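Colleague: Here's the feature list from TrEMBL:
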- LYS33: active site, charge relay system (ACT_SITE)
- THR78: active site, charge relay system (ACT_SITE)
- HIS263: active site, charge relay system (ACT_SITE)
- THR78, ASP79, PHE174, ARG191, GLN235, ASN261: urate binding site (BINDING)
- 1-19: compositional bias 'Polar residues' (COMPBIAS)
- 1-23: region 'Disordered' (REGION)
Amino acid sequence: MVTETTPASSRPVTSSEAPSGSKIVLGQNQYGKAEVRVVRVSRDTERHSIEDLNVSSQLHGDFLSAHTEGNNEHVVATDTQKNTIYAFARERVGSPEEFLLRLADHFTGEFDWVSGGRWEAEQYGWQRIEDHDHSFVRDNREVRTAVVVADGDRRTVVSGVQDLTVLKTTQSGFEGYPKDRYTTLAETNDRIMSTDVKARWRFADGAEVDYNAVYDDVTSILLAKFGEKYSSALQQTMFDMGKAVLEAHPEIAEIKLSLPNNHHFVIDLSFCGLDNPNVVFHADDRPYGFIEATVRREDSDDASAVWELIPGFC
Ligand SMILES: O=c1[nH]c(=O)c2[nH]c(=O)[nH]c2[nH]1
């Protein structure tokens, strides 16, 4: 007879029977290599160029026996996934979206049990130093992002931008909001408005896209709309930004925006007898207002399964 020393309730469940009697099964799972930093130098001529990416690969498919039996015959090693990223970069990158689509096709085509996955990239910009052929300075203006979700033959491409910090010194206000006993905020029709633009736009299935050109145009539209007209609230400006992107790009089905309101408070300088007509501000880093929305075509398809794989957006 085996003597029990650990109370049954605190033992890990090692069989497929939970204490409640219901069977324990493997739920959603994915695995791969995260954050493979790959820098590709194009050096066909003396005038070099750089593509600087941070790529993650996650496979979906039949990996049941790896989890439940320790059988790795389906487990394409994460190390192999990393090597594949480097090897594919040897041929070309082109755009993060095309690069990820090639990885998706490779892994789903090469391994029968890989039914799909999620490939993601951040891309960092470099600018030439004074038109130099092979010297560059990192352009930290923003980070470009791309995600490809594969599910069988379906490919969903979501492009994006983040850390694009913008500020306007006037033509922004916030008035007409409800006042209750907790309200202290003064109404204003002249304030600084600033945010770090984080956006993701999903392409309609099967769209033929020049991803680099669309990226440049979408970021220009977002910037132009931020400054263009008087803002009654960040909510209004955000919707205008998203709407303008969809109006200009029929191949985009929807765009999600996630915008912190980087508050700038006017400092009261009366303590030393000075006025302050919106000249000196305190740039507060927290707390911040947090304004998020999806702007979409009314008849766009439901891509909620894809968005579940892209956290951080409502
Ligand atoms: O643009 C704004 N939207 C808000 O919802 C809000 N709330 C707040 O206190 N300030 C602001 N500003």
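Backbone N, Cα and C define each Cβ position, glycine as well.
Remember, predicted model here, so these are calculated numbers, not experimental data.
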Colleague: Just the number: how many Å between the Cα atoms of ASP79 (urate binding site) and LYS33 (active site, charge relay system)?
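Modeller: Just about 7 Å between their Cα atoms.
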Colleague: For the recorded positions LYS33, THR78, ASP79, PHE174, ARG191, HIS263, which residues place their CB under 6 A from an atom of ligand 1?
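Modeller: Going through LYS33, THR78, ASP79, PHE174, ARG191, HIS263 in sequence order, those close to ligand 1 turn out to be PHE174.
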Colleague: Measure from the Cα of PHE174 (urate binding site) to the Cα of every one of the active-site residues LYS33, THR78, HIS263, then give the nearest.
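Modeller: Nearest in space to PHE174 (urate binding site), counting only the active-site residues, is HIS263.
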Colleague: Hey, what's the Cβ neighbour count for THR78 (active site, charge relay system) at 10 Å?
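Modeller: For THR78 (active site, charge relay system), the count of other Cβ atoms within 10 Å is 16.
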Colleague: When you put THR78 (active site, charge relay system) at the centre and draw a 10 Å sphere around its Cα, which of the recorded positions LYS33, ARG191, GLN235, ASN261, HIS263 have their Cα inside it?
Modeller: LYS33
Colleague: Look up HIS263 (active site, charge relay system) in the DSSP assignment and report helix, strand or coil.
Modeller: coil
Colleague: What count of other C-beta atoms do you get within 10 angstroms of the C-beta of ARG191 (urate binding site), across all chains shown?
Modeller: 21
Colleague: How far apart, in Å, are the two Cα atoms that lie farthest from each other among THR78, ASP79, PHE174, ARG191, GLN235, ASN261, the residues recorded as binding urate?
Modeller: 52
Colleague: Rounded to a whole angstrom, what is the C-alpha distance between ASN261 (urate binding site) and LYS33 (active site, charge relay system)?
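Modeller: The Cα atom of ASN261 (urate binding site) is 34 Å away from the Cα atom of LYS33 (active site, charge relay system).
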Colleague: Rounded to the nearest Å, what's the C-alpha distance separating LYS33 (active site, charge relay system) and GLN235 (urate binding site)? Just drop the number here, would you?
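Modeller: Computed Cα spacing between LYS33 (active site, charge relay system) and GLN235 (urate binding site) is 37 Å.
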Colleague: For the C-alpha pair, I'd like the distance in angstrom between HIS263 (active site, charge relay system) and ARG191 (urate binding site), rounded off.
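Modeller: Checking the Cα atoms of HIS263 (active site, charge relay system) and ARG191 (urate binding site) gives a distance of 9 Å.
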